[in-house]
Amino acid sequence: MKNFVAGAQSGRKIQSGGCAIHCQDCSISQLCIPFTLNEQELDQLDNIIERKKPIQKSQVLFKAGDSLNSIYAIRSGTIKSYTISESGEEQITSFHLPGDLVGFDAITQMQHPSFAQALETAMVCEIPFDILDDLAGKMPKLRQQILRLMSSEIKSDQEMILLLSKMNAEERLAAFIHNLSKRYSARGFSAREFRLTMTRGDIGNYLGLTVETISRLLGRFQKLGVISVQGKYITINDLNGLIELTGTNKTKITLVK
């Protein structure tokens, strides 16, 4: 962490779990580390990145207590972060999409405080932390981008706390769907149609709701004509109606990452 502190549309495709991302011609680089780097700096970063083989569904990327060796940039697929309580209960803390980086929360103690597990087949870029830290000390733009990404993660965590403490069940689920819509849109996918890569149980765990409540609310939203649900696929029919269900005017929650 020493060097980080020192610098201290129409026609879009439907997300289906298979968008690959590459540094040189990345279409969503503004969401990842390469954003703002010039060609020479990008080459230096590219040289330290290890492009791993596919991570299979349910495979764990790292476990709580593991030493921080690398930061992981998701190229495709979805990964969830979660902790396990002393009583053995899982608590999901985040869902990571292509373009997201996983592992920043380990910098404080240099070990991971949570688990990271693939919800579907995923591809990641592994970025050795020591080398990244060294490069960040030499490349101001890289350092600034890393700080920006870390700040965004903190902001998202704060908004999630507000969501859980101030919103009722209906508002939580509506905000979750709306946030996914915005995140997929930022990645070049359709904001209107997308696939839920997480189970309803996972969604309920994340939002502090039961599976039955999630199913009931999805049915209610569908009856209202706000969304259509076909298995794991969601279609937003009435965006303004969905936003109204979030109670956004009351809570001012954005929840984009």
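From the backbone N, Cα and C atoms, a Cβ is placed for every residue, glycine too.
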Check each of the ranges 23-32, 113-122, 173-182 against Swiss-Prot and return the one annotated as region 'Essential for the oxygen-regulated activity'. 23-32
Checking feature assignment: DNA-binding region per Swiss-Prot, candidates 140-159, 200-219, 220-239. Which range matches? 200-219
Near the Cβ of C125 ([4Fe-4S] cluster binding site), how many other Cβ atoms are there if near means within 10 Å? 23
In the three-state scheme derived from DSSP, which category covers C125 ([4Fe-4S] cluster binding site)? strand
What does DSSP give as the helix, strand and coil breakdown of the DNA-binding region (200-219)? 17 helix, 0 strand, 3 coil
